[in-house]
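Colleague: Below are the features I grabbed from Swiss-Prot:
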ACT_SITE  Asp109  active site, proton acceptor
BINDING   Asp6, Val7, Gly8, Asn9, Thr10, Asn11, Ile12, Val13, Thr132  ATP binding site
BINDING   Tyr100, Gly107, Ala108, Asp109, Arg110, Thr184  substrate binding site
BINDING   Asp129  K(+) binding site
Amino acid sequence: MILVLDVGNTNIVLGIYKNKELIANWRLATDNKRTADEYGIQVIELFSHNNLSFSDIEGVIISSVVPNIMYSLEHMISKYFNIKPIIVGPGVKTGINIKYDNPKEVGADRIVNAVAAHEIYKKPLIIIDFGTATTFCAVTKEANYLGGTICPGIKISSDALFDKAAKLPRVELVKTPGVICKNTVASIQSGIIYGYAGQVDYIVSKMKKEMMDLGEEEPFVVATGGFAKLISEESKSIDEINAILTLEGLRVIYEKNK
């Protein structure tokens with residue numbers, strides 16, 4: 001079995017794979033101040049609850065966009081698992097050809113998503129990840145990572161609205177029947193949800209055109225991340241949701257580098 005960790009700005013997602021099957025996964029809050037032992041205690045509890053043992057784990061791979069947390073996580077893995085983890089970054093084989101001006105600028109999470117999507121779908125792709133930031137990535141059928149777009153995420157955009165507009169209440173992000181709303185709460189909800197759905201459709205439309213102008217077939221659009229389901233219900237562009245895309249990518253990269 002292998003342990004995979006996707007370290008994001010808001011959450012750390014952990015998964016356990018037995019062969020190619022995801023048998024358990026959890027989500028922890030990202031906290032730069034936690035020590036290796038504090039993370040170790042959390043992982044012990046998660047393993048215990050699922051009747052898993054640290055000795056079952058043969059390898060570990062980590063993808064992170066939070067450099068400050070890596071010392072604690074690597075130390076935790078070393079101390080509790082006695083394993084040196086694979087860290088997604090320069091020198092790690094991914095099978096993806098990064099066409100960015102500076103490939104080192106591409107976030108590990110975006111690379112991992114590209115690896116998974118290419119492995120699963122084998123076609124031109126637009127990958128949308130609704131995380132702390134919302135990212136759009138263009139990948140060709142030949143596994144060339146062309147680039148993409150980064151937008152403020154739904155939660156941080158909403159938080160900024162609530163923090164800066166004193167009279168606007170915080171609201172639950174749920175769909176409204178339409179956009180002509182009769183109260184402030186519904187007006188905010190519709191603005192956020194339909195606004196982001198429109199953003200998705202517009203960016204995907206432009207990205208598809210640019211990819212097809214390069215000779216690609218019409219790209220398949222896959223979405224992942226916490227708000228993927230909510231936005232996909234209103235977006236006309238998303239073909240499929242894959243909630244474990246990043247974990248799958250980590251598994252594939254581990255297999256390429258073990």
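Note that Cβ sites are derived from N, Cα and C of the backbone, with glycine treated the same way.
Neighbours and distances for these, please.
Modeller: Following the DSSP three-state reduction, the secondary structure of Asp109 (active site, proton acceptor) is helix. Counted within 10 Å of its Cβ, the other Cβ atoms near Asp109 (active site, proton acceptor) come to 28, all protein chains included.
Neighbour list (Thr132 (ATP binding site), Cβ cut-off 8 Å, at least 6 residues apart, same chain): Gly8, Asn9, Thr10, Gly153, Lys155, Ile156.
In the three-state DSSP scheme, Asp129 (K(+) binding site) is classed as strand.
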Colleague: Tell me, in order along the sequence, which binding-site residues from Asp6, Ile12, Asp129 have their CA within 10 Å of Arg110 (substrate binding site).
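Modeller: So far as Cα distances go, the binding-site residues lying within 10 Å of Arg110 (substrate binding site) are Asp129.
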Colleague: Distance between Thr184 (substrate binding site) and Asp6 (ATP binding site) at the Cα atoms, whole Å?
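Modeller: With the alpha carbons as reference points, the distance is 36 Å.
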Colleague: Looking at the recorded positions Gly107, Ala108, Asp109, Asp129, which ones sit with their CA no more than 10 Å from the CA of Asp6 (ATP binding site)?
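Modeller: Neighbours among recorded positions, in sequence order: Ala108, Asp109.
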